[in-house]
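Per TrEMBL, the features are:
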DOMAIN    66-328  domain 'EML-like first beta-propeller'
DOMAIN    345-614  domain 'EML-like second beta-propeller'
REPEAT    338-370  repeat 'WD'
REPEAT    421-462  repeat 'WD'
REPEAT    467-499  repeat 'WD'
REPEAT    580-616  repeat 'WD'
TRANSMEM  40-59  transmembrane segment
Amino acid sequence: MPVPSYIQDINVAKSAPPPVEKLKLEWVYGYRGKDSRNNLFILPTGELIYFIAAVVVLYNVDEQIQRHYTGHNDDIKSLSIHPDKITVATGQVAGHDRREEKPHIRIWNSLSLQTLHVIGLGHFDRAISCIAFSKADGGQHLCAIDEANEHIMSIWQWQRESKLVEVKSSTDTVLACEFHPSERNTIVSCGKGHINFWIWDRTGITKKSGIYEKYDKPRFVNCIAFASNGDVMSGDSNGNIVIWGRGTNKIVHVLPNVHEGTVFTICTSNDGVFLSGGKDRCVIKWDVNYRKLASAKIDEVFGSIRTFGRGPGSQIVIGTTKNNILTGSFETKWTPIVYGHVEELWGLATHPTLHQFITAGFDKNIFLWDALEHSVVWFKSLPESAHSAAFHPNGKIVIVGLCNGRWLALELSSQQIVSSHSDGNEQVECLAFSPDGNSLAIGSRDNMIYVYSVTEDGQKYSRIGRCIGHSSYITHVDWSADGQVLQSNSGDYEILFWNKGNCKQIATTSQLRDIDWATSNCTLGFNVCGIWPDGADGTDVNACCRAPRAHNLLASGDDFGNVNLFKYPCYQPRANCHTFVGHSSHVTNVQFVNDDSKLLSTGGKDTSILQWNVSI
Ligand SMILES: *[C@@H]1O[C@H](CO)[C@@H](O)[C@H](O)[C@H]1NC(C)=O
């Protein structure tokens, strides 16, 4: 690494303080409906409550305000609302190795966001996949199911943080558990090939499995609900709703083929009217006597119906398998209020002058978001999975790098593809325009950087050459402020420098020590080397970014789900930082908005986008 000439000597023992600025989670984009159920409710405050990654979102749609519960340190998998409608229980997966990151349940107050109890640390193995408060006894108990092989069901007196009983619930996947609303000792659970009725008292817990008799046993029983007379309803992969007699494990009635494919969810209300939703994207409203009152179908782009949230009034929200939340009614249309990516997300770029940003994911979706309105400006599907994105400095063109070596220039206003090129056939890892917009660098998985010259309007691209010299895939590039030199990092932790004009490597780095870099996306380099924690393996930090205006801050995203904020320059080894949680999987990208006031971060597998306010 060339050391800038203003550096006289470095005392490696010295410690660098963290910045005075901090990040505050302002907005969470996304919802986890793809592989998680029973996780969308409407609170008496009118707020929607749901989760994605390690954050529980409380979203007041009318006032456009979100609050966040951030007590978890890894993926949240389950959520239950206490009968008091204020207390919330959420369960998470096993995080990293530390004890406090073992799977556990947090019980908290949804008004104050105070954590009341943390239960189950050391008791659970893999994840709390289902959780339910009791109802008939005023909510004194909590039932939880561990995702590990035997799907241990445990019952807790949560206020005392004590486990009363546990039992193996099934060797197959368990998808839901619920306490009966009026029979205090009855719990129903269901999942792959089973529905079980549990009676639990001081002496123990006993199971009766549902008997299908002459009916075709479904491959999956997906959901449970309770009819107003106390009968149990289940929805299954045969598309049937099955009614089980109160207090029995016997079928009293079957509503056959109510949904094509699978019934994913049933949601009851006090008047006995209930809703069902399924793979077929249909929402059906039923009366107490199982007569269809109304039905509707949501648009294909949103996926299937995963779950319903119902408010005290007539409001209904729908969580979908493509991570959207919709609102509407049978009389009107169902329109999205929450959008999200559905697969791993890496591509992120912030607009050069506006508070807008692009995300592009493996799900082949590209979104333009507005960070002030917290809304989607537009979204579009791409021909291939995307891995990277960059704005032209004119703010009118965005480039998306795809996983097959192709890259596209899109015009923001029309969303049309104005240019399309391919460089090799491997993933486009990173993209960057020179500050004047006249050049574009494409860092590829095939170890090369392809350099293009660009017309003023950002519409036409012609290749100048290839920078050949890295022996591993290109992870990041930065341009010099004058657009003449490139620095690049690769998967084997090399830092190389290139002359843009001829694409030749610059071997004598001493002439580069005082170069002014336009950005600090490279995670390896003198001014950023302090972001590497002790014992880091070289791939632990996925991205970093310098505050573009004041150049005083450096943010990084790491494999532990953390977003970190450092002072820039950050050359003191193991510099101190502020660390912020919310993501559950690796943080794949971080970028400040143009005036340094906000930071965006993307979570890889957790598919979430978090927006942070930067302030003192
Ligand atoms: C820095 O990273 C962002 C996000 O991936 C990208 O949009 C931008 O083009 C990158 N800039 C440079 C110079 O690498």
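These residue numbers are counts, starting from 1, taken along the chain as shown.
In case you wondered, yes, glycine gets a Cβ from its N, Cα and C as well.
Owing to the predicted nature of the structure, the values given are computational and were not obtained by experimental measurement.
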Sequence-remote contacts (6 or more beyond its ends) of the repeat 'WD' (467-499), Cβ cut-off under 8 Å?
1, 426-427, 429-430, 432-436, 438-439, 441, 443-451, 505-506, 509, 512, 515-525, 538-539, 543
Positions on the same chain near the transmembrane segment (40-59), where near means CB under 8 A and six or more residues out:
25, 28, 30-33, 65-70, 72-76, 79, 81, 85-86, 88, 90, 92, 110-111, 307-312, 315, 317, 319, 323, 325, 338, 340, 561, 581-585, 603, 606-608, 610
With helix taken as DSSP H, G or I, strand as E or B and everything else coil, how many residues of the repeat 'WD' (421-462) land in each class?
0 helix, 22 strand, 20 coil
If you run through the repeat 'WD' (467-499) with DSSP, how many residues end up as helix, strand and coil?
0 helix, 19 strand, 14 coil
Take every residue in the domain 'EML-like first beta-propeller' (66-328), average their pLDDT values, and give the whole-number result.
94
